[in-house]
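> Straight out of TrEMBL:
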- B:His43: active site, proton donor (ACT_SITE)
- B:36-43, B:153-156, B:Val182, B:190-193: ATP binding site (BINDING)
- B:Gln67, B:Gln159: (R)-pantoate binding site (BINDING)
- B:Gln67: beta-alanine binding site (BINDING)
2 protein chains.
Amino acid sequence: MNTAAGMKVVTTRKEIQAIATKLKKEGKSIGFVPTMGFLHEGHLALAERARKENDFVFMSIFVNPLQFGPNEDFERYPRDAEGDRKKAETAGVDVLFIPTSEEMYPHPLSVQMKVTKRTDVLCGRKRPGHFDGVAAVLTKLFHLIQPDRAYFGLKDAQQVAVVEGLVRDYDFPVEIVPVGIVREKDGLAKSSRNVYLSEAERKEAPELYKSLQIANKAVEEGERNPEKIISIAKQHLKTHTNGKIDYVELYSYPELQPVAELRGRSILAIAVQFEKARLIDNIIFEI
Amino acid sequence: MNTAAGMKVVTTRKEIQAIATKLKKEGKSIGFVPTMGFLHEGHLALAERARKENDFVFMSIFVNPLQFGPNEDFERYPRDAEGDRKKAETAGVDVLFIPTSEEMYPHPLSVQMKVTKRTDVLCGRKRPGHFDGVAAVLTKLFHLIQPDRAYFGLKDAQQVAVVEGLVRDYDFPVEIVPVGIVREKDGLAKSSRNVYLSEAERKEAPELYKSLQIANKAVEEGERNPEKIISIAKQHLKTHTNGKIDYVELYSYPELQPVAELRGRSILAIAVQFEKARLIDNIIFEI
């Protein structure tokens, strides 16, 4: 690890915890990148950031069944174990943790985690229980890997907000590091689900980011009314894509509370449903 | 710490976590004794055991409001900060953590913990939410203190069972060490609540333990029928105390499931309500 010896691949909780515990006892710092695999440049940017700030970089690849609803895409979530290993190693990951569902959840949980704030808006509103599953798996992973810092992409800004709440409320000895969205050249936010877009949809997809940029311009020019900013983005999406607008919402960040007027940090977040892919994107305003 | 310098008393989360993190980086082991204070020999036995098995001993004193129901004795739970400090220091505690409720819970939790197994029997049945509060505060304390081992008295055997479930399910890097019940010379299990007993009740109180001993004798002589064992203990309590029997129950341990016949590990647990104190006691059978 952290040497020419190459990346170590670990599949059991016992082994990953033993490796992490040993490193911590030696005073080494651990940066952790939790993922569901099918790695793209967004994930790799997290690993590269972790590489710069820690002695060792751990990455997990685990498609967590607890965070998928019964009608969601758990079974067909894209997977590419072999490609992921190569990408992770190239990005400087020292330890890759790839457990099975049975390894992570050998029996039903005797304690449930229930996220009660920051969840009833944006994607959380239509995914009841989703963030409960996220909180449970991250609690386990944080205990197994004992990171000093954990890296999360701001593409799922609601997830970052929920995780910051979890870590703050339960005093996890870990710093959450939010990392900016990585985009294709045409502006489309990188996502494992982009592979589901048809050719025509792929051409429209950058309009999500454009709608955010147009709204951002209005804010830069002085607009502070949330309704108007939402309307600007929505209008652009309506006229430039054939996808179904799932939501265009604006909240304080990370509290995710409605605001009467833009002030401090806030987020404009959008979701558009295409035929086989639901795309999300967002921009954070700092005023 | 661990020197002649004496015991350090800490009141903030930030400071206790910094101390623990520093020790962990130096490769030191930490033994942790969580308490609600009003220390007696039961607690001190936990600290002494921790002293033997770890480089440093941390103790917390925190009457956790989350684990008390609205009609329970949170306000009148006995407190003795000054006496506790002296006892903790004498028992070899290196770091004593005494936070206020505001320090532990500066804002409402955004993630709730809900214990769904091992709770609907014994004391848990009549204390809805009690173990949710226990799980929440221990999760926080484990993150703040990062112990290698945490020590719990078997007097609250259900609590030990719930905590073992929590630690197992969420892979906390901590070993739970259950420690046997410490008793007065006449057999009464040590408890902070014993001070509430009237003189007459105090004389009857050892009959709880006697009822367990009589049941144990029956088991040693071959009795394997849970109903009969329960009945033996209950009969003794009925005829030897004026307290109201709250429960006499027998389950597998630590699963706390009903059993048709004694086999493996099981627990016989009793609770008796006196005027101002509810006493509990138990015995674990290994067959």
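Heads up, the Cβ atoms here are built off N, Cα and C, so glycines get one too.
Curation does not apply to TrEMBL; its annotations are automatic.
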> Select one residue from B:Leu39, B:Leu154, B:Val182: among these binding-site residues, choose the one with the most other Cβ atoms within 10 Å of its Cβ.
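Of the binding-site residues B:Leu39, B:Leu154, B:Val182, the most buried by Cβ count within 10 Å is B:Leu39.
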> Of B:His43, B:Gln67, B:Gln159, which recorded positions come within 10 Å of B:Val182 (ATP binding site), going by C-alpha to C-alpha distance?
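Within 10 Å of B:Val182 (ATP binding site): B:His43.
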> Is any of the binding-site residues B:Leu39, B:Gly42, B:Leu154, B:Gln159 near chain A, in the sense of a CB under 8 A from one of its CBs, and if so which?
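It is none; no candidate comes close enough.
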> Whole-number answer please: how many Å between the C-alpha atoms of B:His43 (active site, proton donor) and B:Met36 (ATP binding site)?
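About 10 Å separate the Cα atoms of these two residues.
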> Only counting partners 6 or more residues apart, tell me which same-chain residues put their Cβ under 8 Å from the Cβ of B:Gly42 (ATP binding site).
B:Gly153, B:Lys155, B:Ile181, B:Val182, B:Ala189, B:Lys190, B:Ser191
> Sequence gap of 6 or more, C-beta under 8 Å: which same-chain residues meet both conditions with respect to B:Met36 (ATP binding site)?
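Looking at Cβ-Cβ distances below 8 Å from B:Met36 (ATP binding site), excluding near sequence neighbours, one finds B:Ile61, B:Phe62, B:Val63, B:Asn64, B:Tyr77, B:Ser192.
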> Is it possible to get the count of other C-beta atoms within 10 angstroms of the C-beta of the residue listed as 'active site, proton donor'?
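So the number of other Cβ atoms within 10 Å of the residue listed as 'active site, proton donor' is 28.
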> Quick one: give me the count of other CB atoms within 10 A of the CB of B:Gln67 ((R)-pantoate binding site).
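B:Gln67 ((R)-pantoate binding site): 21 neighbouring Cβ atoms within 10 Å.
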> Pop the Cα-Cα gap between B:Leu39 (ATP binding site) and B:Gln159 ((R)-pantoate binding site) into the table, whole Å please.
18
> Kindly assign B:Gly42 (ATP binding site) to one of the three DSSP-derived states: helix, strand or coil.
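It is helical.
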> Specify the secondary structure state of B:Val182 (ATP binding site) as given by DSSP, simplified to three classes.
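Its secondary structure by DSSP: coil.
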> With every protein chain in view, how many other Cβ atoms are within 10 Å of the Cβ of B:Gln159 ((R)-pantoate binding site)?
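If we count other Cβ atoms within 10 Å of B:Gln159 ((R)-pantoate binding site), we arrive at 22.
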> Return the count of C-beta atoms lying within 10 angstroms of the C-beta of B:Ser192 (ATP binding site), excluding that atom itself.
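Other Cβ atoms found within 10 Å: 20.
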> Can you tell me how far the Cα of B:Gln67 ((R)-pantoate binding site) sits from the Cα of B:Leu39 (ATP binding site), in Å?
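One finds 19 Å between the Cα atoms of these residues.
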